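Undergrad: Dumping what Swiss-Prot says about this protein:
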{"type": "DISULFID", "residues": "Cys35-Cys59", "note": "disulfide bond"}
{"type": "MOTIF", "residues": "35-59", "note": "motif 'Twin CX3C motif'"}
{"type": "DISULFID", "residues": "Cys39-Cys55", "note": "disulfide bond"}
Amino acid sequence: MDGLTAAEQRELASRMERKQLKEFMTMYSKLVQRCFDNCVNDFTTKSLISREEGCIMRCVDKYMKASSRLNERFQEQNAAMMQGGQLPGR
């Protein structure tokens, strides 16, 4: 961000913030859709039955753990690239 004016830095930060929010909302929407499609199949009541509730909890937990692990791996690879080394495991 060197070489940018203060106004340009603020604009860049604002754009990055909007992009991150959009990506978060997309991820959240996909999570809701996937877990709903996989877990909810009884539409005879207005509430979730206990089996569906448990399935959704496991689905969300699994998705969050997978996302966290992927994020860790990306950070590891990014750090290795920044140090000029090769990607881990190569």
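Along the chain as shown, the residues are counted starting at 1.
Here the Cβ of each residue, glycine as well, is placed from N, Cα and C on the backbone.
Quick caveat, the model's predicted, so the values are computed rather than measured.
Situate these features within the shown structure.
TA: In the three-state DSSP scheme, Cys35 (disulfide bond) is classed as helix. Cys35 (disulfide bond) has a Cβ environment of 19 other Cβ atoms inside 10 Å.
Per-residue pLDDT, averaged over the motif 'Twin CX3C motif' (35-59), rounds to 96.
Cys55 (disulfide bond) falls within a helical segment according to DSSP.
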Undergrad: Using Cα coordinates, what distance in whole Å links Cys39 (disulfide bond) and Cys59 (disulfide bond)?
TA: 8
